Amino acid sequence: MPPAPSRTAVEPPEGRAGTSTSAGGGDADPTAQEAVVRPATVLPTALDALAARIAEATGTSPEVRVPDGSSGADVPTTGATLRAHEVRPGDLFAALPGARAHGADYADQALDRGAVAVLTDPAGATRPAVGTVPTLVHPQPREALGPACSRLYGDPSAHLALLGITGTSGKTTTVYLLEAALAAAGTTTGLIGTVETRMHGRRVPSAFTTPEAPDLQALLAAMVEQGVSHAAMEVSSHALAQGRVSGTRYAVGAFTNLSAEHLDFHPTMEDYFAAKARLFDGRADRHVVCVDDAWGRRLADSVAATTVSTTGPADWTAADVVAHPDGSQSFRALGPDGLALPVTLRLPGAFNVANALVALACGHATGLDPERLAAGLATVTVPGRMQRVEAGQPFLAVVDYAHKPAAVEALLRTLRTQVDGRVLTVLGCGGDRDREKRPVMGALAAQLSDLVWITDDNPRSEDPAAIRAAMLDGARVASDARAIVAEEGDRRAAIRAAVAAARPGDVVVVAGKGHELGQKVGARTLPFSDVDELTTALGEEPA
C-alpha cells in the first residue's frame with residue numbers, strides 16, 4: 001500500500017439497512033464523527049406531540065412508556081439524534097436496531113449527555129437504561145423517526161421549496177446544475193448531496209448522500225432559519241428504503257435513470273426500482289422523470305409527471321446539440337408552451353444534456369423564469385464528475401466518479417469523442433459491494449480504452465487481489481477488446497503509469513472514486529484523492 005499523503009480522509013458512505021457509522025444508530029463506532037448542523041433556535045416540543053405525529057404518519061401509535069418519578073409524556077424535547085456521542089441536553093435519542101448492535105446499548109451514554117427521552121423498538125425498550133426515561137416504542141422506529149424529527153423542528157420542508165433528485169447516475173451533477181439555475185433565477189439556495197452540503201453560501205462536508213432523518217430535518221430547519229428559499233437535494237435509494245426522508249415534503253421529485261447498482265443492498269432490480277419510486281408516492285407536489293430508459297418510462301406511466309428525454313418525444317427535449325473541442329457543449333432546450341432556451345454546459349456527454357434538462361424542468365415546475373434558469377447552467381463544474389485536471393500537459397486528464405457499468409460505458413464513450421488520440425483508463429471496483437459488476441466493468445474498460453490499468457478502489461474487507469482478478473477475467477474474455485490491460489494494485493502507481501504513458505492528444509481518465517478523499521482498506525480509511533494524485537503525477541518530470 002502506498003504511503004499516505006497528509007490529508008484528512010472522508011468517504012461519504014451510502015450506508016446499509018439498519019446501520020449507522022456511529023454509536024446509537026444500530027452498529028457502534030463511538031469514535032465516528034459526523035457533520036451535524038442544527039438551527040440556532042428550536043421551540044420545545046412535548047413528547048406526546050411527537051407521538052401523535054408518528055401515529056398520523058405511520059398509521060401505528062407508539063406506546064408511550066413513562067417511568068415512575070419521571071416528568072412524563074409532556075417532557076419537552078429540543079433536538080434529536082441517533083448517535084449517542086452527539087446527544088445534546090434536551091434531545092430525543094433514537095435507539096435503532098442494527099445488523100451488528102442495537103442503539104439502545106448506548107442509551108446510558110445518551111442519557112449521561114442529556115437525552116430526555118428515547119425512541120426505540122420493543123427489543124430496545126428492554127434495555128435497563130432505556131426504562132429510566134420516557135420512551136416511545138414503535139415497531140418501525142426508523143419510519144417513525146423522520147416524522148417525529150420533522151415535527152420537532154417545525155416541519156421545515158413546508159417552509160422552503162425542496163427539490164429532490166433520485167436515480168442511479170446523475171444525482172450529484174443534477175443538484176449542482178439545479179442549485180446554479182435556482183440561484184440565477186434569484187432564489188436563496190441550499191444543496192444537499194454526496195460531495196457537500198451548502199446553505200446560503202456556507203459549506204458543510206457530507207457524511208451520506210442523504211443525511212439521516214434527525215440530521216436532515218435539523219439541516220432543513222437551519223436552512224429555513226438562514227433564509228434559504230429553494231434547496232436541491234440528492235435522494236438515495238438507501239435513504240428512501242431506510243426512512244431517512246420520511247416526514248419530508250418535496251416541491252418537486254425528479255428521476256434521472258436506473259441501472260444496476262447497490263445490488264448488495266437491494267436484492268433485485270425490481271426492489272431497487274421500488275425504492276426509487278417511493279419519492280413519487282405522494283410526498284412530492286410535482287414530478288419530473290427522464291424517460292431515456294425503460295425504468296423512467298415505466299415510472300412516467302404510473303405518475304403524473306413532466307417528462308424529459310434526449311432520445312425521443314417528451315415535455316422537455318434537446319435540439320442542435322454541439323460538442324465543442326474544449327469539452328463544453330451547447331444546445332437548445334425545448335420545453336412546454338414553445339420554450340426554446342439556449343443552453344451552454346461546461347460538462348460533456350449526452351448524459352449531462354439529460355441532467356441539464358432535468359434541472360431546467362425542476363426549476364420551471366416551481367414557477368421560476370426559464371431563461372434565467374438556463375443562463376445559470378453555463379458555469380457549473382462538479383467535483384469529481386468529468387473533472388478536468390490541468391497542469392500544462394499536452395493531453396486531457398480527467399477524474400470521474402463512474403463506478404458502475406453504465407456510468408463507465410457512458411464516460412469512456414464520451415471521452416473517446418473528446419480527443420483524437422488514445423483513451424488511457426485507471427479503474428477499480430469497490431469491495432463489499434455488488435460482485436457481478438466487476439467483470440462487466442473490466443470488459444467495458446478493455447473494449448472502450450486503448451490502455452487500461454486495473455487497480456484498487458476501496459477494497460474494504462475484501463482481498464483487493466481477488467477484486468482485480470474478477471475485473472481482469474472480464475477484460476480477457478471481452479469481445480472486441482482493443483486495450484492493452486495491466487494490473488497495478490497500487491492506485492497511486494497506476495495513475496503515475498498512465499500519465500507517463502500518455503502522448504499529446506490522449507486522455508487519461510481516473511475513474512471510480514471521483515471527489516472522495518479516502519481509500520477504505522480493511523477497517524481503515526487512508527487519505528487518498530484521485531484529483532491530488534493525478535495533479536502530482538502531471539507535475540512530475542518524465543522519466
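Note that the numbers count up from 1, one per residue, in the order the chain is shown.
Placed from the backbone N, Cα and C atoms, the Cβ positions cover glycine too.
Residues or ranges marked as region 'Disordered' in TrEMBL: 1-31.
Annotation comment: TrEMBL describes 81-129 as domain 'Mur ligase N-terminal catalytic'. Shown for the domain 'Mur ligase N-terminal catalytic' (81-129): DSSP residue counts in helix, strand and coil, namely 18 helix, 12 strand, 19 coil.
Look at TrEMBL and you will find 165-362 tagged as domain 'Mur ligase central'.
Under the heading ATP binding site, TrEMBL lists Gly167, Thr168, Ser169, Gly170, Lys171, Thr172, Thr173. Cβ-based neighbour count (10 Å, all protein chains) for Ser169 (ATP binding site) stands at 24.
According to DSSP, Lys276 (N6-carboxylysine) sits within a helical segment. Residues annotated as N6-carboxylysine in TrEMBL: Lys276.
Here the domain 'Mur ligase C-terminal' (384-514) returns a mean pLDDT of 96 for the predicted model. What TrEMBL records for 384-514 is domain 'Mur ligase C-terminal'.
The Cβ of Arg460 (meso-2,6-diaminopimelate binding site) lies under 8 Å from the Cβ of Gly430, Gly431, Asp432, Arg433, Lys520, Val521, Gly522, each on the same chain and at least six residues away in sequence. Look at Arg460 (meso-2,6-diaminopimelate binding site): DSSP puts it in a strand. Residues annotated as meso-2,6-diaminopimelate binding site in TrEMBL: Arg433, Asp457, Asn458, Pro459, Arg460, Gly512, Glu516.
Per TrEMBL, the feature motif 'Meso-diaminopimelate recognition motif' maps to 457-460.
When Cβ-Cβ distances below 8 Å are used as the criterion, the motif 'Meso-diaminopimelate recognition motif' (457-460) is approached by residues 11, 403, 427-433, 467, 491, 512-513, 516, 519-522 of the same chain, each at least six residues removed from its ends. The CA atom of Asn458 (meso-2,6-diaminopimelate binding site) is located 21 Å away from the CA atom of Gly170 (ATP binding site). Under DSSP, Glu516 (meso-2,6-diaminopimelate binding site) is assigned to coil, being neither helix nor strand in the three-state scheme. Here meso-2,6-diaminopimelate is bound by Arg433, Asp457, Asn458, Pro459, Arg460, Gly512, Glu516 per the record. The longest Cα to Cα distance in that group is 17 Å. Cα of Pro459 (meso-2,6-diaminopimelate binding site) to Cα of Thr168 (ATP binding site): a distance of 21 Å. In sequence order, Tyr401, Ala402, His403, Leu427, Gly428, Cys429, Gly430, Asp457, Asp530 are the residues of the chain that are 6 or more apart from Gly512 (meso-2,6-diaminopimelate binding site) and have a CB within less than 8 Å of its CB.
Counting only the Cα atoms, the space from Thr168 (ATP binding site) to Glu516 (meso-2,6-diaminopimelate binding site) is about 18 angstrom. When the alpha carbons of Thr172 (ATP binding site) and Lys276 (N6-carboxylysine) are compared, the span between them is 15 angstrom.
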